[in-house]
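Undergrad: Pasting in a structure now, in structure tokens, and then I'll have a few things to ask.
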Amino acid sequence: MDGTDAEAPGQTAPSRAESLVAHAEASISEDALLAAARERAVDIGAGAVTPAVGALLSLLTKLSGGKAIAEVGTGAGVSGLWLLSGMSDDGVLTTIDIEPEYLRLAKQAFAEAGIGPSRTRLIGGRAQEVLTRLADEYYDLVFIDADPIDQPDYVVEGVRLLRPGGVIVVHRAALGGRAGDPAARDAEVVAVREAARLIAEDERLTPALVPLGDGILAAVRD
């Protein structure tokens, strides 16, 4: 036997893939602080990473060294809490969002988790403008979870921010499968494909696409 799991009779490949993702999501439990932050995100209509994506973010952050992390798209702080859980005790999370209410709720989530103000830097404004002010080759990990239309711009800036050995992580890299549908050609799909192309063609990066959440494209910089 080759060790490959056989499909059950009548079980199609897509349903098996969906079962694997569902199992991955069910394997991660969130504490009360994360649950409260997630509930606030739902209340205001802010997107939030799934628990499995959050666990992956924590893992990648820890593997990267986790001292300087940049996040594009704060939301209500769910992803920020996961990132902080993988960071060193003296690490600083820089997180950017254009919505003041999102930043307020994220600040609340961080405070409830006992994370001191010296460990987070919340910046309001357009990410395209804020990112240009951040230091070159300084960050261990850059997480992009914002409007897919702007992914190419964020990828260019995000790679610039990465130190050698750093990791860039792009959420919504599959758009629920639309990015892989040859017939899909709307503006979001075109932008997401362009972001993926930029990463794939950058010889400094080693990428992988992970089918969790809305698709995670991660790449480490040489």
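Just so it is clear, glycine is given a Cβ too, placed from its N, Cα and C backbone atoms.
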Undergrad: Can you find which of Asp147, Asp153, Asp181 Swiss-Prot lists as binding S-adenosyl-L-methionine at the same site as Val49, Glu71, Gly73, Thr74, Ser79, Asp97, Ile98?
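TA: Candidate in the recorded S-adenosyl-L-methionine site: Asp147.
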Undergrad: Using CB atoms and a 10 A radius, I'd like the single residue among the binding-site residues Glu71, Asp97, Asp147 with the highest neighbour count.
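TA: The most densely surrounded of these binding-site residues is Glu71.
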Undergrad: Determine, to the nearest whole angstrom, how far the Cα atom of Gly73 (S-adenosyl-L-methionine binding site) is from the Cα atom of Asp145 (substrate binding site).
TA: 5
Undergrad: For Asp145 (substrate binding site), which residues of its chain lie six or more apart in sequence with Cβ-Cβ distance below 8 Å?
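TA: Within the chain, Asp145 (substrate binding site) has Cβ neighbours under 8 Å at Gly47, Val49, Glu71, Val72, Gly73, Gly75, Ser79, His171, Arg172.
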